[in-house]
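The next block holds one structure in the form of structure tokens; read it before the comments.
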Amino acid sequence: MADSRTPVGLAVPTRKPAPTTVAEERKDTTHTPSQRYLSTRGDSYGLSFEEVVLKGLASDGGLFIPEEVPSLPRDWESKWQNLSFSDLAFEILSLYISPSEIPPADLKEIIDRSYSTFRAPETTPLITLNEKDNLYLLELFHGPTFAFKDVALQFLGNLFEYFLVRRNKGKTGRDRHHLTVVGATSGDTGSAAIYGLRGKKDISVFILHPQGRVSPIQEAQMTTVLDANVHNLAVEGSFDDCQDIVKALFADPKINETLKLGAVNSINWARILAQTTYYFHAYFTLSKSPAYKADHKVRFVVPTGNFGDILAGYFAKRMGLPSEKLVVATNENDILDRFWKSGHYEKKAVHGKVAEGGIPADGAKAHEDGVKETLSPAMDILVSSNFERLLWFLAYEFAAEAGMDDEWNKKQAGQEVEAWLKQLKTKGGFEVHADILKSAKRDFESERISDVQTLETIKKFYSSPSKNGTSNGNASKVGYILDPHSAIGVAASLRSIQRTPGVHHISLATAHPAKFANAVDLALKDEEGFSFNTVLPKEFIGLEQKEKRVTLVPKGAGWEGVRKIVEDEVEAELKGSR
Ligand SMILES: Cc1ncc(COP(=O)(O)O)c(C=O)c1O
Ligand SMILES: N[C@@H](CCOP(=O)(O)O)C(=O)O
């Protein structure tokens, strides 16, 4: 019998033997447990880093996570605090990647090459936004496409290339491993993936975006790349529709086998891993600054949609980075905020704060599919894919309290995640046990920021000059121009600061303001001396007028329609007719 602590939907403890391959593969002592991976839905164990990077999504539909989160080495602070971004990334990533898979010199070269494309010498600079309140902004948009995704996708592109060159050595024609990358984007992943993969041998990339629901610059960044291996698909629908199509393609064994699908979304573990570096880097930058008070805690505040960016912070925290809390900042698409307020993870707002107070009249347009069209379109997401990874850890810790062994706890966690995800699909949501919500609250808080509050925040930081906020190209005399996503993080930080004065707040700035002219203009058009041209990087000038290539995917085409397009285009590429 399950005891009273058994979570809703959790099966009675079964002592199923682990898959035989696990025992066999674990004999391989060149990998530590943190360098072996399992699926959040329980069916795959013992996979290598290369396998999870190339597969993207597990065959049971789950996401890959390390079998164990590595602890930080002794003296990590003194050893790592003065490292460059690339050297720090090398130390962190080495904990998760066995040298028998990627020799250290090769890993170092891949990392160095990935960050050599960034415009800022610090790669991800930390600036002081408001010294009095200990509020700092971590600028993550100095890569080729001006969004935080570049940090992971420059690396992932080079990693794919490295694995493929190795696999294809001495092979020709159809014997070569040809990777077909399929990704869904609400604007930023798409361009970052395209810039990371354009022109790479043995890779075709298909990016699905919701037609008309990405910003004009984002759309132009993607569709003006005319390399033969890049294919943009504009889907009539929402980002969630795009994400569902991608997941359905991964669930199809036939296309998986014939086309060897690869993922660039944050379902790919390498995306999360690469993003952990900047949490450590920001912590070191802050702790070396004169404003740092060693007895005060640190919080990271993260504008959140698909839950990938903040999940990287969660891994950093689990490894031992001293961050007191991670603050989830959502826009009006607030499934995550409602979860932290109520313990219900539901596509529609029926429980918790929103239902009690009535749905706030914030002004964002709601589509029939339930997604609201906000001023922060990259976060217009109904269901956050990576939340599944956190759910696994929550279920694992809950199971661990029953006092069984680790293998049992992992199996239970997989079964529980599977049950929750099934309920999400069939009933539109699920509720977690009160103790699970309690442990989610131990590491996280959440805030929901409306469009109105987003605009107010952009205005506030433009009108009040920041201490030294100059690194996105804005003159300090006119203050700082936040993009709408970063403004959501800053608005949430200000609320968190009110509750916890003195705590250092590092708010993540996820995109350059020039990518979101609409919101920035709305907020600042009446400000004296404001001109959008002052924030426009030279790379964006004339971009919208360039030649474009994009294929429309009409409503109703479904994932089978997309499969057909992908199959035909890859065939044309392989025949060399593209
Ligand atoms: C600019 C921007 N900010 C925030 C987010 C949300 O990040 P995540 O999906 O990792 O939660 C995204 C999309 O991923 C984004 O493009
Ligand atoms: N906001 C994202 C949505 C996809 O998220 P991902 O992190 O899972 O790739 C985007 O800009 O495309």
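Here the Cβ of each residue, glycine as well, is placed from N, Cα and C on the backbone.
Bear in mind that TrEMBL entries carry predicted annotations, made automatically and left uncurated.
According to TrEMBL, the feature region 'Disordered' maps to 1-36.
Look at TrEMBL and you will find 36-115 tagged as domain 'Threonine synthase N-terminal'. DSSP states for the domain 'Threonine synthase N-terminal' (36-115), grouped as helix (H, G, I), strand (E, B) and coil, give 34 helix, 7 strand, 39 coil.
Model confidence over the domain 'Tryptophan synthase beta chain-like PALP' (123-357) is summarised by a mean pLDDT of 94. What TrEMBL lists as domain 'Tryptophan synthase beta chain-like PALP' is 123-357.
Contacts of K149 (N6-(pyridoxal phosphate)lysine) defined by a Cβ separation under 8 A and a same-chain sequence distance of 6+ are given as G143, D188, T189, S191, A192, A193, in order along the sequence. Feature annotation from TrEMBL assigns N6-(pyridoxal phosphate)lysine to K149.
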